[in-house]
Amino acid sequence: QANFKLLTCAGVLCCLIWNGFAQQGGSDCIKANAKSCGECIQAGPNCGWCKKTDFLQEGEPTSARCDDLAALKSKGCPMEDIENPRGSKQLLENREVTNRKKGAAEKLKPEAITQIQPQKLSLHLRVGEPQTFSLTFKRAEDYPIDLYYLMDLSYSMKDDLENVKSLGTALMLEMEKITSDFRIGFGSFVEKTVMPYISTTPAKLRNPCTGDQNCTSPFSYKNVLSLTSEGNKFNELVGKQHISGNLDSPEGGFDAIMQVAVCGEQIGWRNVTRLLVFSTDAGFHFAGDGKLGGIVLPNDGKCHLENNVYTMSHYYDYPSIAHLVQKLSENNIQTIFAVTEEFQAVYKELKNLIPKSAVGTLSSNSSNVIQLIIDAYNSLSSEVILENTKLPKGVTISYKSFCKNGVNGTQEDGRKCSNISIGDEVTFEINITANECPKKEQNETIKIKPLGFTEEVEINLQFICECQCQSEGEPNSPACHAGNGTFECGACRCNEGRIGRLCECSTDEVNSEDMDAYCRRENSTEICSNNGECICGQCVCKKRENTNEVYSGKYCECDNFNCDRSNGLICGGNGICKCRVCECFPNFTGSACDCSLDTTPCMASNGQICNGRGTCECGTCNCTDPKFQGPTCETCQTCLGVCTEHKDCIQCRAFDKGEKKETCSQECMYFNMTRVESREKLPQPNQPDPLSHCKEKDVDDCWFYFTYSVNSNGEAHVHVVETPECPSGPDIIPIVAGVVAGIVLIGLALLLIWKLLMIIHDRREFAKFEKEKMNAKWDTGENPIYKSAVTTVVNPKYEGK
């Protein structure tokens, strides 16, 4: 019984929990008020559309076809009639990352080396449903490098130029330890060739330096050497360069960086690792500073090199930092700022604004530039940072990184991994979610790439904004009132100017009083029972705030929430409310389905319903015998027990004695009796019929044993042990002897105790006497009150002569 109640409670609880989830999931679907399948699937990832033609109840709007899958199924829509398209992904290009060793026999072209996987994929996105894919990156060994050295040639860099003249061959030797395919280029910059940045007097334009210093004319930016693998050529051309000069301290390096970034053909950049080393001992001008020279046009971010010289420095302002970041990122250029100690703080702040850049401390004469470049390259190449192009409206992306040594990152940290060595492989988990469909429903393409690398992942986004059944629709269908709409996905999508479930009305007829008459019940003035709107002569029932509560019926006169309740639940949780009447589940009845037809709770311990003394009503015993009560009519406060009730009849029939001996044949023939030899042969409790084991005393104070049982037919049967157990008489002699012995022993014990107490008392008295004797202050021969009659007087002047 207890187990049944527990299971029942658990079942009801599960139903309530499931209904709660269904309401939570179905709420967004129903509130979307979708008029078509496409609108429905855009309401949420758990929304489905039932295209079954006769799915809707009378009075339900078309939007009731849109609900969560469990709700649609519970309303009787087969799974094959539910439109629920799901998103998917498809790999279009998925080459394995390259496992290449430095010095290997094969010489791969840069475009044949793969460091990122996959390269191209297609995602089908449904609104609210994320699509996830893994991106793998592996640093290839012996990957080609292009390095362009951009140097400040203002007068303060004179001693630095001497050290840079031999940089080509020395750097080539060092870089061979990293890659076998290395190219180097050189460019220089000074300042814009207008006042107040330089002096425009003819003499200063020829030689901006003072005294006997031989300096070259000032210039903005000059590409001295395009990228080449010939280190000697670098030394040769750089050795011919001369220092120039300008007036102010900040230099025009940003103009030079912009031209190096955007003039890819002139510089000779390949699709490999691109490094730009920016060497200076001064600060920089940026956007807005050109106004000092009367230059107000913002930098256009385009290449303006003629004969390897920047010709528009007097026309365009300096680029902004954000503009530089954009162009450097677009062209996958990693910047190394080699600056003196004095300007470290400034360029470190600039580094924080330019992704994939590094700052190194340049010695006063650039003697440490090679080690600076090597350290900066190792720092830049040990970190991979993913970036993506601009996302379409309503699309979001999230990253999770799985880096070396079990280091994982989420949110912004999910875009990057650090401490990557050559040959290390790291993985990124990328989630892309569409939160709305694009208005034009066109496909979009986004790209993801590691900063500073030319390789990228191309992702084609295709949005699921319509259902498959919409493509199978029938325009101007006869099912939609003589062709006034398209019949698709089990419902009519009306043409412009037509309304109604079957497009049977025009918009001009909506407010007609004649139409309202069709929405009133007989002998009623209420339109749609005040629970809906009359549209085109048909009631469209309104929706409740609780989306599980629904109005229905031709006049919206029905609902599923105004049925009788029990224990606070509609239909007691044991039925379904339909049109304000409970339809009970099996084994339940009553207006609130609160009456259980299960008789298990009424089953008494003897296997009888209500102990045979009542009727089972709604799972509860109604006791018909007033003496009996309790949940199964087994409690009787004034009744004798089974054993006591039947012992007199059993005693008279089995042993022919007892109070009913004279009336035995009249009162005690209601049971069958079987005699057994011993107690062990009595029936045991594991038999099917309820059984009582009894032990009673007869009139001779003898114990007799029997069992009483009632079978399924109501027949009583008694098994009785044929020989009672009578107690034997007492043995007098041992009793008397025991009593006498006890009295004697008790007397001796008392005498011993008395003697012991007397000995103790005498010893205490003798000890007391001895103590008083020792404390006496006189001898036995003297009287303490005696005084002598003789008085002796001594003359003090007597000298004994």
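Here the Cβ of each residue, glycine as well, is placed from N, Cα and C on the backbone.
Summarising the annotation, TrEMBL assigns signal peptide to 1-22.
Here TrEMBL flags 28-78 as domain 'PSI'.
Per TrEMBL, disulfide bond is recorded for CYS29-CYS467 (among others). Taking Cβ-Cβ distances under 8 Å and a sequence separation of 6 or more, the neighbours of CYS467 (disulfide bond) in its chain are CYS37, GLY38, CYS40, ILE41, TRP49, GLU83, PRO85, CYS489.
Residues or ranges marked as domain 'Integrin beta subunit VWA' in TrEMBL: 36-467.
Other Cβ atoms within 10 Å of the Cβ of CYS77 (disulfide bond), summed over all protein chains shown, number 21. Here TrEMBL flags CYS40-CYS77 (among others) as disulfide bond.
Note: CYS437 (disulfide bond) has non-local neighbours GLN42, VAL127, GLY394, PHE463, CYS465, i.e. same-chain residues 6+ apart with C-beta under 8 A of its own C-beta. Per TrEMBL, the feature disulfide bond maps to CYS437-CYS694 (among others).
Within 10 Å of the C-beta atom of CYS528 (disulfide bond) sit 25 other C-beta atoms, taking all shown protein chains into account. The disulfide bond annotation in TrEMBL covers CYS489-CYS528 (among others).
According to TrEMBL, the disulfide bond annotation covers CYS494-CYS503 (among others).
If you look up TrEMBL, you'll see CYS534-CYS539 (among others) marked as disulfide bond.
The feature disulfide bond is assigned by TrEMBL to CYS541-CYS556 (among others). Within the same chain, residues at least six positions away from CYS556 (disulfide bond) with a Cβ under 8 Å of its Cβ are GLY59, CYS528, SER529, ASN531, GLY532, CYS539, CYS541, LYS542.
Summarising the annotation, TrEMBL assigns disulfide bond to CYS584-CYS593 (among others). Taking a C-beta cut-off of under 8 Å and a sequence gap of six or more, CYS593 (disulfide bond) has these contacts in its own chain: SER566, CYS571, GLY572, GLY573, ASN574, GLY575, CYS582, CYS584, PHE585.
The local packing around CYS618 (disulfide bond), expressed as other Cβ atoms within 10 Å of its Cβ over all shown chains, amounts to 15. Marked as disulfide bond by TrEMBL: CYS618-CYS664 (among others).
Among the features that TrEMBL reports, disulfide bond is placed at CYS623-CYS633 (among others). Cβ neighbour count for CYS633 (disulfide bond) (all protein chains, 10 Å cutoff from its Cβ): 25.
Summarising the annotation, TrEMBL assigns disulfide bond to CYS643-CYS652 (among others). Annotation for CYS643 (disulfide bond): spatial neighbours SER692, CYS694, LYS695, GLU696, TYR708, criterion Cβ-Cβ under 8 Å with sequence separation of six or more.
Taken from TrEMBL, the feature domain 'Integrin beta subunit tail' applies to 643-731. Counted with DSSP, the domain 'Integrin beta subunit tail' (643-731) comes out as 20 helix, 28 strand, 41 coil.
Taken from TrEMBL, the feature disulfide bond covers CYS668-CYS702 (among others). When Cβ atoms from all protein chains are considered, those within 10 Å of CYS668 (disulfide bond) total 20, not counting its own.
Each of the disulfide-bonded residues CYS29, CYS539, CYS541, CYS652, CYS702 was scored by how many other Cβ atoms lie within 10 Å of its Cβ, and the smallest score goes to CYS702. All protein chains considered, the CB of CYS534 (disulfide bond) has 22 other CB atoms within 10 Å. Of the recorded residues, CYS29 (disulfide bond) and CYS77 (disulfide bond) place their C-alpha atoms 16 Å from one another. Of CYS77, CYS534, CYS668, all annotated as disulfide-bonded residues, the residue with the shortest Cα distance to CYS623 (disulfide bond) is CYS668. Per Cα geometry, CYS503 is the residue among the disulfide-bonded residues CYS77, CYS503, CYS664 nearest to CYS534 (disulfide bond).
CYS503 (disulfide bond) sits 87 Å from CYS668 (disulfide bond), taking the C-alpha atoms as the reference points. The disulfide-bonded residues close to CYS668 (disulfide bond), defined as a CA atom within 10 A of its CA, are CYS652 out of CYS77, CYS494, CYS618, CYS633, CYS652.
Recorded residues CYS633 (disulfide bond) and CYS618 (disulfide bond) have their alpha carbons 15 Å apart, per Cα-Cα distance.
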